[in-house]
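Student: Before we start, here is the structure in question, set down as structure tokens.
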């Protein structure tokens, strides 16, 4: 069959967007999505995002298959791309959507300057909600030791609807993420695997981060990871509640509100091209 698609990216974190509004189930299997994400034999992407009908009073539902065929709960850069995709389909420039995801209802807002601001919800900090066994149920994981690749890392864990393990380092550019990333992702302390963020503090309001994403590997940006980065910086006394997070693909503005405990992410989403692919 011929699949119509559009390609979008958020700071280089790129996705295949599919208009799936006529069905409540994705029109592709995880295996087909994995084939399309292949950068040599397919379209090439970090994941496939499906725009499905809304549930429970929401405007739309988002489902995602990663480049390895796995399905994450949510994706911060992905939901910005989805919001831009929906706005392009509807022919509007400024709009707020309520999107049902496996991590709950997320609210992206298209701004007049072309940026997308997203209410990412509240972070979950208790060990069983990450989930991880690094601390007993009911306790937080903040700067606790984790042995990986022959050394001990001080890690903080945050769930943004998906699991994040975060560690602060002196120089993020010196790390071999291809080598150590999978060891964090598949560490037995994380029953559902984990995303891993390596963070360098540039200032109290500026953080530099590289990410190894669960199911996707090294990516140029991670929205939920940027949110978790600011949470970890605040919890460990390394950063402010409002920070610029520098990623290989560009910057995200993150605020962890003291008023409502919610995280707000602002960043770009851009259409690259549209086409058809044979499945």
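Placement of Cβ uses the backbone N, Cα and C atoms for every residue, glycine included.
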Student: Would you identify which residue of 20, 66 Swiss-Prot lists as part of the substrate site it also attributes to 13, 76, 77, 162, 195, 213, 214, 223, 224?
Tutor: 66
Student: To the nearest whole angstrom, state the Cα distance for the pair residue 75 (active site, proton donor) and residue 162 (substrate binding site).
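Tutor: The Cα atom of residue 75 (active site, proton donor) is 8 Å away from the Cα atom of residue 162 (substrate binding site).
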Student: Go through 75, 222, our active-site residues, and report the one whose Cβ sees the most other Cβ atoms within 10 Å.
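Tutor: Its Cβ has the most other Cβ atoms within 10 Å: 222.
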Student: Do you know which of the binding-site residues 13, 162 has the most other C-beta atoms within 10 angstroms of its C-beta?
Tutor: 13
Student: Going by DSSP, give the three-state secondary structure for residue 13 (substrate binding site).
Tutor: strand
Student: Write out, in the order they occur in the sequence, the residues of the chain not among 13, 66, 76, 77, 162, 195, 213, 214, 223, 224 that have a C-beta within 8 Å of the mean position of the C-beta atoms of the recorded substrate site.
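Tutor: Nearby residues not in the site list: 72, 74, 75, 78, 211, 216, 219, 222, 225.
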Student: Which residues of the same chain, at least 6 positions away in sequence, have a Cβ lying under 8 Å from the Cβ of residue 213 (substrate binding site)?
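Tutor: Expected: 46, 66, 195, 219, 222, 225.
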